[in-house]
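Heads up: the structure comes next, in structure tokens.
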Amino acid sequence: MNFSKSLLLIAFGGTIGSIFRYLLQYWFGNVLGYSLPWGTLTANLLGSFLIGVVYAISDRFPLFDPQWKFLLASGFCGGFTTFSTFSYETFQMLKSGHYILFLGYICLSVVGGIGFAFAGVWMIKNF
């Protein structure tokens with residue numbers, strides 16, 4: 001595949017993913033408030049699930065066009081999920097003395113992200 005085309009697919013997917021993450025964070029911030037960064041957590045968990053689905057589909061169906069992986073996995077999921085925001089939010093919790101929230105958020109994010117990725121793979125392999 002053409003390198004320039006790959007970059008364009010990643011850029012387009014990343015743009016859409018970033019917009020979706022912003023909308024999700026905006027919605028959660030207005031509905032649930034900011035006691036826990038629900039938008040970031042939800043984006044990271046859903047993105048982990050989706051990347052599991054994309055890679056499982058590409059493994060299961062050899063004719064799956066690799067361009068979709070660039071668009072969906074590297075692009076959309078890369079823009080939708082955010083390790084840097086997660087890191088900043090956990091630092092703010094620690095700095096504010098919210099130690100239990102800090103530990104809970106780390107556990108939910110890391111274990112949940114891995115679990116959601118496995119769930120995405122499992123779903124494709126079993127259906």
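Each residue, glycine too, has its Cβ placed from N, Cα and C.
Listed in Swiss-Prot:
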type	residues	note
BINDING	GLY78, THR81	Na(+) binding site
TRANSMEM	8-28	transmembrane segment
TRANSMEM	37-57	transmembrane segment
TRANSMEM	68-88	transmembrane segment
TRANSMEM	100-120	transmembrane segment
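When Cβ neighbours within 10 Å are tallied across all protein chains shown, the highest count among the binding-site residues GLY78, THR81 belongs to THR81.
Proximity of distant same-chain residues to the transmembrane segment (68-88), defined by a Cβ-Cβ separation under 8 Å and at least 6 residues beyond the stretch ends, is recorded for 1, 6, 9-21, 37, 40, 43-44, 46-48, 50-51, 54-55, 58, 109.
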